[in-house]
Amino acid sequence: MDTAIFDFLIGNMDRHHYETFQHFGSDTFVLLYDHGRGFGKSKYDCTSCLAPLRQCCAIRLSTLTKLAKLYVGPSSLSQVLRQSMTSDPLSPILWEPHLDALDRRLGKVIKVVNDCIAAGKSREHVIINDGVT
């Protein structure tokens, strides 16, 4: 779910592949491939990327807590990201419309979570306590 939300926020519409390592058995991890499509279209929000969140109506509490903090403030997602990139030798890395898109898309993620709860699903079903603080 976190990957779907991340892909939606950055506008990555082409997440097609991931790998796990069989050598590690059930102690493996997911390795995500990316081809650099993120931050391509600042004015287009690929809402189909949110299909997993909309269909499953489940998000980790730790993820929602961080996203809600960035949504409510005092610092927005775009402000935090802009600040974190100021010391990068390639700064500015992101164009302002892409930073604006992050905040707009974040609002849409929060709305999907609210819609799940408004549709009658219990908060405990939608917001999964993952024990991470």
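Here the Cβ of each residue, glycine as well, is placed from N, Cα and C on the backbone.
Because the structure is a prediction, the values reported are computed rather than measured.
What TrEMBL says about this one:
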- 1-124: domain 'FAM20 C-terminal' (DOMAIN)
- ASP14: active site (ACT_SITE)
- GLU19, ASP34: ATP binding site (BINDING)
- ASP34: Mn(2+) binding site (BINDING)
Cβ neighbour count within 10 Å of ASP14 (active site): 15
Average model confidence [pLDDT] within the domain 'FAM20 C-terminal' (1-124): 90
The residue listed as 'active site': secondary structure state under DSSP, collapsed to three categories: coil
Helix, strand and coil counts within the domain 'FAM20 C-terminal' (1-124) (DSSP): 71 helix, 6 strand, 47 coil
